[in-house]
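Taken straight from Swiss-Prot:
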TOPO_DOM  1-11  topological domain 'Cytoplasmic'
TRANSMEM  12-32  transmembrane segment
TOPO_DOM  33-458  topological domain 'Lumenal'
CARBOHYD  N92  N-linked glycosylation site
CARBOHYD  N150  N-linked glycosylation site
CARBOHYD  N300  N-linked glycosylation site
DISULFID  C371-C374  disulfide bond
CARBOHYD  N445  N-linked glycosylation site
Amino acid sequence: MRRISVKKLCSFCLCACAFAFLVMTFQVIELLGQFEQTEHRQQIKRFEDIKVQANAHVSDVQYPVIVWWSPLTGELGRLGECGHNRCFFTVNKSYYSHPQTKAFLFYGTDFSIESLPLPRHKQHQWALFHEESPKNNYKLFHKPLITQFNHTATFSRHSHLPLTTQHLEDINTLTAQTHLLPLSYKNHLRQTLAPVVYVQSDCDPPSDRDTYIRELMQHIQVDSYGQCLHNKDLPPHLRDSTAMDDQDFYKILAQYKFILAFENAVCDDYITEKLWRPLKLGVVPVYYGAPNIHMWLPDNQSAIVVNPNEPPKKLAQYLKRLDKNDWEYLKYLEWKHKREITNINLLKELKERPWGVQDITQDNFIDVFECMVCSRVWENIHRQEEKLPPKVWRAEESHLTCPPPKLFDFALSSSSSLRQMWGASYEQSKREARALAQMLHTNTNFTITQFWREVFTD
């Protein structure tokens, strides 16, 4: 009987402890919930305070106001220092009517006819930042619209702030041999790997690259890891687009002899990481994109430039020849082994550009773009003080231009609707650019209905 009582006592104690633990757990959860609610309320209050503060100062700003009409930076208000000049930068559109507002900044991809700061007052300057593909907003690539802007920062070398080398950190990154593998090892890997690799998941873009590469694959083996023309899998942790700069991804690409570096659009100066990546890894890029690419290559023989007027079969034959001839192949890597950049234009651009890439010691190109506009605003303020006429900046057609998309005429078993769309989209954007320029000339607000009526009566 005594032993049974002890067992009952132990059971009771265990139950009591468990109950106490549950009570304490619920109390902790409740306290955490209260804390989170309080913190959430405080965050909301802080955000509301910022909004109130920003709105409270709408009439108090003593510096030139520059409004990001596209919410690229997300900053409600910031006093930026640009050398000896200061400007107030904000995404708050209520500053449109502020007497100190001097300029509006637009991000090309977000530029929309549905929201424009109109009417455009005499002192209002427009500035365009657009470093991306023309397919993001074809309207901007036509003379009637691009010339509506006063200041530009685009991939074109002719823009006021050229961003042509936006994907290239510096010369040292280009000449480094961190990922360069011996050719003898690459030859050994050819037992299991194709000589050529392709990695793209943005299929059927305006450059029609997938059509060309599909035909090329009929004549030479290509390992395709992306969603486009896929025939080989990446490890699971590398399948997301955010892994394109992962060291493991670099190691896979570095094993190949050739990388197909085909841009999604064919425009002068439109050069992306598709070119720079293989050059940094010590792989020979087979490049199709900017027609003036030789202006930017580190060496005259650092890439194989695709001639779109020649059949892919001819390119395949050339790649096969290089694959079998080490001496000829190594000519394309001689600059890499010597760590020698012979292109004076590229060296000059990287030395003189006023911004850096992934470099905390330099300003980024968005900050430099803002300061370019700020400095020009102040230049005219000083000219006005000296009773001089204002200086006028105006974008030119060359600041953002690209020819119509051109499809390859290879026989296709199937053709996507997206592939067929780009030509029509380009022509439509041309009409839209003309119509919008006409509407802007009236300098009054307009409705979407009025705009489309102008488009279709053009």
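Just so it is clear, glycine is given a Cβ too, placed from its N, Cα and C backbone atoms.
Considering only the glycosylation sites N150, N445, the Cβ with the fewest other Cβ atoms within 10 Å is that of N445. Taking CA atoms as the reference points, N150 (N-linked glycosylation site) and C374 (disulfide bond) are 13 Å apart. Most buried of the glycosylation sites N92, N300, judged by other Cβ atoms within 10 Å, is N92. Note on the topological domain 'Cytoplasmic' (1-11): its mean pLDDT in the predicted model is 43. The closest partner of N445 (N-linked glycosylation site) among the recorded positions, by CA position, is N92; the full candidate set was N92, N300, C371, C374. Distance between Cα atoms for N300 (N-linked glycosylation site) and C371 (disulfide bond): 36 Å, as a whole number. Cα to Cα, N92 (N-linked glycosylation site) and C371 (disulfide bond) are separated by 18 Å.
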